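Asks: The structure is given below, and queries will be raised subsequently.
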Amino acid sequence: TDWLVLHSKRLRIAQAAIEGEGEGEGGRAARDVQVLEHEAREQVALRAAEPLRAGHNYTVSVRYAANLSEAFHGFYKSTYRGQDGELRVLASTHFEPTAARMAFPCFDEPAFKATFSIKIRREPKHLALSNMPLVRTINLSASLVEDHFDTSVKMSTYLVAFIVSDFKSVSKITSHGVKISVYTVPDKIHQADYALDAAVKLLDFYEDYFSIPYPLPKQDLAAIPDFESGAMENWGLTTYRESALLYDPATSSASSKLFITMIIAHELAHQWFGNLVTMEWWNDLWLNEGFAKFMEFVSVSVTHPELRVEDYFLGKCFDAMEVDALNSSHPMSTPVEDPAEILEMFDNVSYEKGSCILNMLRDYMTADVFKAGLKQYLQKYSYQNAKNEDLWNTMSKIFFQICPTVGTDESTLEGDNFCRRNQESHSNAHWTKRETLDVRAMMDTWTLQKGFPLVTVTVRGKNVHLQQERYRKEVDSPLPSEYLWHIPLTYVTSKSDIVQRFLMTTKTDVFILPKEVEWIKFNVGMNGYYIVHYEDDGWDRLINLLKENHTAISSNDRASLINNVFQLVRIKKMSISKAFDLTLYLKHETEIMPVFQGMQELIPIYKLMERRDMDDTANQLKEYIVNLFRDLIDRQSWNDDGSVPERMLKHSLLLFACVRGYQPCVDKAQEYFVKWQKSNATLRLPRDVKTAVYAVGAQTPEGWDFLLSKYRLHSFNLEKDEIALALSLSKNNDKLQWLMDQGLRGDIIKTQDLPYIIGFVARNPSGYHLAWRFLKNKWEELVQKFELGSHSIASIVSAVTNQYSLRSQLLEVKDFFNSLDEKSSQLRCVQQAIETIEDNIRWMDRNFEEIETWLQNKKL
């Protein structure tokens, strides 16, 4: 060929040359080539004077210049103020998915793996970091030095990273001999210790778990002052937003500790899933992200058992189902072609659904067999790329190695439990057929089709009849019937709390119980990615169980019943009255997940009413929710006591009670706020009740101004998110507008936080119309900052529109997005927003009056 096509975006190429082997010697210069640019495709073509010969090595050199990016991707500029108030500048990279081409011309696709050798020139006052350790530094002049970094391992372009800054660091060595360092701006280095200790524990865990050594000599974790997402897994130099890495034992909340630990666990899991073994193309992004999300829970439950992470896993599955129930959802593995489509893959389906189906598979295969499969997959594809089917083929193979033939005793020890379980021959095992253990056939049903199954259970004496169909919110439109899943069902009954298993691979099935039961509960612990409807009096029996003896089933099972019953209301399988009847038991609930789930289902209902100015019923419903949890709210201590889940529950309950105007809570928060203000914010507020105190304090103009003055202070950097939430609860429109304007300007409020600010304002009954107007007026600027297709844009669109339920609002949203260019109007988040509003309209039309009646008749 005489063409070479590379990716390049906003790079000004001055000159390019191609040199063949041996051509540079004896005075023969490299030949300059013609450079053609295709801006829309982000490509450049280098055209040689004569064809390049097959089988020969050539060296391409390109001289180019570019400006530091003003957004959050590519090689971009970030700023922060020191304690002295002086503005300082640094430069950092964020390349995933397609921004390495903004820093250097390259083959910017994940399957083009290469080694990278990096040199950086800088001023002596700065420090340069990259994926690999520094090998040497050369002084070029009194004001310029050149750092040479070691050559990297073979990796994809999106994992290359470098930072030039004045950061300081703290370091430790893991038990496997890897040097871990945490880098932050100098004034915040005292907040880096927790992350350092967590990273050491987690990297050691992963090396042991995968039985594959971490291949680099060091792992740096850097907190970047301007950062769009949560964090990024660059090999050897992971980057984070400051709130995802920095922790202060004196002021940080329990939820902050959990969040930081999970994010570090996520990025370090990527060093194997994603970095060592990379998806071949972005259509299988879930192989990176679903795994990293899943491994957060596997690792942290071992390294930090006190955080009780397993309590929160099912919440991820509910979040995924929320979008996966829409027609505009997509299969986990789905074709993508351009940068905006690729960015759209970074969503709840790739992350949360990915992790949920892996959890379901592990529960089905048992932890040991699953782990053996993962090890084999990672070993087989190290430094290579893999596809969806490569993972399932490896898993199937492992199963047959571990359980050589059904009925023999040759099973190796690590899979013993699973093999035995699969040889049980009683009538309801359904695991004995060899062909049902084809992991690929089973998992293809979860990754190659969108949505999830609804399993309907009908009990007739000892016979349990099962039926599966796709769950979807749009009940009235016809549905193609070809959706079918291989569902690893689990259940417990009133007669036995031993988990029984049943693999369902057909539309309908039936099995026989040993004896008749009072109740049966499927999807034990919500380990499966499906929801369940109980026909006849099945739900009445479960509602009665919750009323009489709710601890007979686990807290996760209770949370899943709350979730499922409201999901069934959406598709007309259950009445809203029946769902509300179930919530009555929450008066006696004390565990975090069922309480959170109850709030998660009930709060959005009155939010829908507020957006329609139905204040009377909205207030009645608020009162009902406060009464439901009143005993629990009254029992909360206003101090730092309690386990991590207890402290997180306290934080949510008190914030909820104070914002909803529950007087005892408001009075107590007011008292704290006055004392705190009088002390000029030197009084230390309890870590998990702070947000509630700020929220009440922000309701007066003086309190709001005082909080804003603290927001601007360096010493409050770890409390910015909590203060911003409180400021956004103001009823003053000018103040709410000011917050969003400042977020776009990026000085007082950093632009990285703007998506949250818009979301907070959109949830405020006084502010939702302002948030919609802001989105419309500033659309172009938002897209410039955050990129079309990004998670930030999607979260803004969703937050601003997801509580609309009027036809006039639907029309306005449709009209606005239709007025934009095709790329914008066709965004998946726009389709999801429109579907959600349509669903809200149907929901309110069907259920509003029934809720009104129920609330009038039920007094707690």
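In case you wondered, yes, glycine gets a Cβ from its N, Cα and C as well.
TrEMBL does not curate its annotations; it predicts them automatically.
For reference, TrEMBL lists these features for the protein:
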ACT_SITE  E267  active site, proton acceptor
BINDING   H266, H270, E289  Zn(2+) binding site
DOMAIN    2-159  domain 'Aminopeptidase N-like N-terminal'
DOMAIN    194-397  domain 'Peptidase M1 membrane alanine aminopeptidase'
DOMAIN    519-838  domain 'ERAP1-like C-terminal'
SITE      Y351  site 'Transition state stabilizer'
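On this model, are these features tucked inside or out on the surface, and what's nearby?
Replies: Taking the Cβ of E267 (active site, proton acceptor) as centre and 10 Å as the limit, one finds 26 other Cβ atoms among all the protein chains shown.
When other Cβ atoms within 10 Å of the Cβ of H270 (Zn(2+) binding site) are tallied across all protein chains shown, the result is 24.
If you take every residue in the domain 'ERAP1-like C-terminal' (519-838) and average the pLDDT, you get 96.
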Asks: Do you know offhand how many angstrom separate E267 (active site, proton acceptor) and E289 (Zn(2+) binding site) by C-alpha?
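Replies: For E267 (active site, proton acceptor) versus E289 (Zn(2+) binding site), the Cα atoms are 10 Å apart.
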Asks: Compute the mean position of the Cβ atoms of H266, H270, E289, which form the recorded Zn(2+) site, and then list in sequence order the other residues of that chain whose Cβ is within 8 Å of it.
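Replies: Counting only non-site residues, the set is E233, E267, A269, F273, G274, N288, F291, A292, K293, M295, E296, Y351.
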Asks: Measuring Cα to Cα, how many Å separate H266 (Zn(2+) binding site) from Y351 (site 'Transition state stabilizer')?
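Replies: Just about 11 Å between their Cα atoms.
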Asks: Including all protein chains shown, what's the count of other C-beta atoms within 10 A of the C-beta of E289 (Zn(2+) binding site)?
Replies: 25
Asks: Between H270 (Zn(2+) binding site) and Y351 (site 'Transition state stabilizer'), what C-alpha distance do you get in Å?
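Replies: On Cα coordinates alone, these residues lie 13 Å apart.
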Asks: Across all the protein chains here, work out how many other Cβ atoms are within 10 Å of the Cβ of H266 (Zn(2+) binding site).
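Replies: Excluding its own Cβ, the number within 10 Å is 27.
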